[in-house]
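Below is one structure, written out as structure tokens, with a few remarks after it.
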Amino acid sequence: MAETEALSKLREDFRMQNKSVFILGASGETGRVLLKEILEQGLFSKVTLIGRRKLTFDEEAYKNVNQEVVDFEKLDDYASAFQGHDVGFCCLGTTRGKAGAEGFVRVDRDYVLKSAELAKAGGCKHFNLLSSKGADKSSKFLYLQVKGEVEAKVEELKFDRYSVFRPGVLLCDRQESRPGEWLVRKFFGSLPESWASGHSVPVVTVVRAMLNNVVRPRDKQMELLENKAIHDLGKAHGSLKP
């Protein structure tokens, strides 16, 4: 096999497969950018958003996006929303500050895991999980512990392909006001790129890494992409290593 493969050809080959995709968490910053990039690249024949409320879009490009409104507290009642998708992207997440400790665990672990279970039962072959740098189920920090726990639990479901993305601090213009995160982003933005890139990453780079990864054939059932790999893959243009 050639050392690299043309990205344009990989994308075209992928489009020819007429695959369908769902996105969990499309109302959040990463999910929103992911949806935009998916539509711009035209990789999937059907795009479905699964969320607790219907989102409104003004742009013509969004007119064919399907939406499934679910109650995450009663996901078993909405199993049909997870049926018939080849690929799934999970960008669900909240913060302890916003939802409290119990609410954070419920969203970032319980909702994610239940959604993955229903997706697997519904025929999803490739599940993509947005996690976090430092995720570790043995961590003493709740945030990293929960992220590590859900990574491991989803792996046990044995998707045909399971991709975990562990970005550092996400650099973006977040829709909701979080002064602490804003200060962190300003801090990383002022640092030399070589240092900042080891601990942070623009949301658009994460999203492009996800999509560049999904189009390249892989033999591994489970793959873990840390922050550096996300940078490398997200910035790839002409070719990709298989």
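Yeah, the Cβs are placed from backbone N, Cα and C, and that goes for glycine too.
The region 'Required for interaction with elongation factor EEF1A1' annotation in Swiss-Prot falls on one of the ranges 2-25, 26-49, 74-97, 146-169, namely 2-25. Its Cβ placed at the centre, S27 (NADPH binding site) has 16 other Cβ atoms within 10 Å. Of all Cβ atoms in the protein chains displayed, 27 besides its own lie within 10 Å of the Cβ of K147 (active site). For R52 (NADPH binding site), the same-chain residues lying six or more positions away in sequence with a CB closer than 8 A to its CB are V69, V70, D71, F72.
Each of the binding-site residues L92, L170 was ranked by the number of other C-beta atoms within 10 Å, and first place falls to L92.
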